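According to Swiss-Prot, the protein has these features:
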{"type": "DOMAIN", "residues": "1-102", "note": "domain 'ABC transmembrane type-1'"}
{"type": "TOPO_DOM", "residues": "1-38", "note": "topological domain 'Cytoplasmic'"}
{"type": "TOPO_DOM", "residues": "60-81", "note": "topological domain 'Periplasmic'"}
{"type": "TOPO_DOM", "residues": "103-120", "note": "topological domain 'Cytoplasmic'"}
{"type": "TRANSMEM", "residues": "39-59", "note": "transmembrane segment"}
{"type": "TRANSMEM", "residues": "82-102", "note": "transmembrane segment"}
Amino acid sequence: MESLPGQIDKSLDEASLSLRAGSLRTITHILLPLLRPAILSALIYSFVRAITTVSAIVFLVTPDTRVATAYILNRVEDGEYGVAIAYGSILIVVMLAIIFIFDWLIGESRTSRSKAKNQA
């Protein structure tokens with residue numbers, strides 16, 4: 001995500017300045033729509049990373065709380081592979097659903113940009 005702002009064509013910023021648009025308007029109408037896919041990708045990466053991390057969650061829950069990934073590992077250790085596979089499959093489906101929602105949102109931004117380009 002660090003390199004994306006450097007990839008945005010400087011002529012967009014110059015055009016905004018020549019049209020006397022303020023900094024806030026330039027950010028909200030030019031930069032943020034272009035950065036939206038990168039921001040959503042970073043959110044997806046962070047979400048997947050957070051879901052799969054057990055150690056950080058240990059500090060946030062009580063001893064009675066069951067974390068899905070820890071529960072799956074306990075089922076494997078106890079030899080209950082069927083239960084572990086079922087819970088793992090559910091976890092994968094939930095994560096994929098959230099990723100597809102983010103992908104759909106990114107697709108919407110691509111579609112709206114191409115529509116705007118065709119109208120111009």
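Cβ from N, Cα, C; glycine included.
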Secondary structure content, the topological domain 'Cytoplasmic' (1-38) (per DSSP, counts of residues): 29 helix, 0 strand, 9 coil
For the topological domain 'Periplasmic' (60-81), the number of residues DSSP places in helix, strand and coil: 11 helix, 0 strand, 11 coil
